[in-house]
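Working notes, beginning with the structure itself.
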Amino acid sequence: MSSGFKRPSPRTWRPKEEEELIELIVEACPTEGPRVKAGDDDAAVLPDGTVVNFDAMTRSRHVPKELRDRDLGWKFVASVVSDVGAMGGEPSFFGFSVCLDDEVDVEQLVLGISEGLREFGVSLIGGDVVEGEELVLSGTCLGKLKGEPLLMSNARPGDVVAVTGPLGGPNAFVRAILNGMEPEETLYERFARPRPPVEVGVELARGGYRAAVTDISDGLLAEAEAIARRSGVAIEIHTWKVPVDEGVEEVAQEFDVDPVDLALEGGEDYEFLICGPEDVVKEFGLTTIGRVTEGEGVRIVRNPRARSE
């Protein structure tokens, strides 16, 4: 999840502070014109259907030393492209600026960026390069929307809540390395080489489906709360239905936590969270993890018998 303005790192900002900062910026600046304005959703949508997204990474906040430069390049592209797909846009063009530090292997970083662009069918249109004390990557992706945007305000009571794939791997990887563990290579791959299901968003919009969609970059719980708030509904998440990445259970056992909690509270999964009619789940092979009801907020249901009637 993002917006026309990206939220600061969740490691240093609480959700309320993030929302207040975005509101401050949006209220202070002119925002007239777009169909979907800055701060309203995952990305901005211009009158002609162009979808625009911005994202940034810094070494100190987003890049653990275990992340290889080539994989950093890929991850950077994926993180920028993901929000365009979540809005229903087909990513087309990419520009980026980079502040290079003394640690980065520039050739490997560029190789990873190139691989990411080719993977998602995106062409480079320009950028800027400077040198500095810290590695900073800032990217912009433009895509084309064929249909209506997949707004986070589209959820309705009676909808199913679904995800495009398993979760928790990136969170388990980070927790493991911060505590001196050597996680499985599969967890590294999930953290370093995310593959957001852009084609799902594109086909949802092209097919005229009504769905609320966001990418899971800040964690399943946080993204569900964002959809519930923007749609004016309540969301139930049934934990026994949440798919968990391979290797998460081993890390969870080490820290005596429920593997599902690593999926709920993690981030950087870059799968899509989708709320929509039952036919959306069937058509796109999604995994149902809950339902949308009347009310507000998010309810975590851990016992099947505790479901709201």
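Cβ from N, Cα, C; glycine included.
Here the structure is a predicted model, which means the values were calculated and not measured.
Here is what Swiss-Prot says about this protein:
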- ASP41, ASP83: Mg(2+) 4 binding site (BINDING)
- ASP41, ASP83, ASP215: Mg(2+) 3 binding site (BINDING)
- ASP55, ASP83: Mg(2+) 2 binding site (BINDING)
- ASP55, ASP128: Mg(2+) 1 binding site (BINDING)
- HIS62, GLU268: substrate binding site (BINDING)
- GLY127, ASP128, SER217: ATP binding site (BINDING)
- ASP218: Mg(2+) 5 binding site (BINDING)
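A map of Swiss-Prot features onto the structure.
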residue	record	contacts (Cβ under 8 Å, 6+ apart)
GLY127	ATP binding site	GLY95, PHE96, SER97, VAL98
ASP128	Mg(2+) 1 binding site	SER97, VAL98
GLU268	substrate binding site	SER79, PRO170, ASN171, PHE191, PRO194, SER217
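For the binding-site residues shown (ASP83, ASP218), fewest C-beta neighbours within 10 angstroms: ASP218. When every Cα pair among GLY127, ASP128, SER217 is compared, the largest distance found for this ATP site is 26 Å.
In the structure shown, the C-beta of ASP215 has more C-beta neighbours within 10 angstroms than that of any other entry among the binding-site residues ASP55, ASP215.
Within 10 Å of ASP83 (Mg(2+) 4 binding site), counting C-alpha to C-alpha distances, fall the following of the binding-site residues HIS62, ASP215, ASP218: ASP215. In three-state terms derived from DSSP, HIS62 (substrate binding site) belongs to a helical segment.
When other Cβ atoms within 10 Å of the Cβ of SER217 (ATP binding site) are tallied across all protein chains shown, the result is 27. A separation of roughly 12 Å, to the nearest angstrom, links the Cα atoms of ASP55 (Mg(2+) 2 binding site) and HIS62 (substrate binding site).
Looking at ASP215 (Mg(2+) 3 binding site) and HIS62 (substrate binding site), their Cα atoms lie 17 Å from each other. Other Cβ atoms within 10 Å of the Cβ of HIS62 (substrate binding site), summed over all protein chains shown, number 19.
DSSP assigns ASP55 (Mg(2+) 2 binding site) to a strand segment in the three-state reduction.
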